[in-house]
Amino acid sequence: MMAASRGLPRILLIFSLVLNSTIGADTGCDDWTLNGNDVCCKRCKPGNRLVESCGRDPEKLCIPCEPDTYITSHEFHCLRCTQCIGKQFTLKPCTISSDTVCGCKAGYRCGNDKCSFCVTECKEGEEPTKERSCRKCPEGKFNDKIHSMCKEWRKSCPDGQTLVKGNVTSDSINILLHNLMFLSTIFVTEPKQEPLPVLTDKKGK
């Protein structure tokens, strides 16, 4: 019985080492102040949550977060790790001191700063809607960028120029009148080319 009692501390020490290696984080308080016979924890070690604010042993004031949880501040509760689902994929896995970082698959983009959801990425000639979808630019507007709002076509131009209407991906453009007349002359007055005669020898070959 005495031999078993002497071996108990060694067994507890081995168990503690195994537990710490499994958790993968130092336990306890990282910074504290003295308050009479107690110590009061100011900051837990990374990945640890607060159990008690003050006590005799600073190592017992904080404990590691449970699996699939994390903590970033001096709090009593750990937070559940974010799961990347649907159109999301994991850019950076969750750790004991930071949440999961999600991204969006090709053809989609993050719907907010935290990328908590994905939306369809709108192409040129389209604009995003409140319903998280895309719609074609209406008549009189264009968009030449990815996932941007449509803009109004240019509606005026300097004297001596004419305005050529745009389309859903390009703005209206200004063209000098004499250039436009020159182009019109080329297309309208250019003589038609007649085919060349086929030459044959005297025998008709």
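Along the chain as shown, the residues are counted starting at 1.
Cβ from N, Cα, C; glycine included.
These figures come from a predicted structure and were not determined experimentally.
Noted from TrEMBL: CYS84 is disulfide-bonded to CYS102, selected from CYS65, CYS102, CYS104. Matching TrEMBL disulfide entries to the candidates CYS78, CYS94 identifies the partner of CYS81 as CYS94. Cα of CYS81 (disulfide bond) to Cα of CYS102 (disulfide bond): a distance of 11 Å. The DSSP breakdown of the domain 'TNFR-Cys' (64-102) into helical (H, G, I), extended (E, B) and coil residues amounts to 0 helix, 14 strand, 25 coil.
Cα of CYS94 (disulfide bond) to Cα of CYS102 (disulfide bond): a distance of 10 Å. Counting every protein chain shown, 20 other Cβ atoms lie within 10 Å of the Cβ of CYS84 (disulfide bond).
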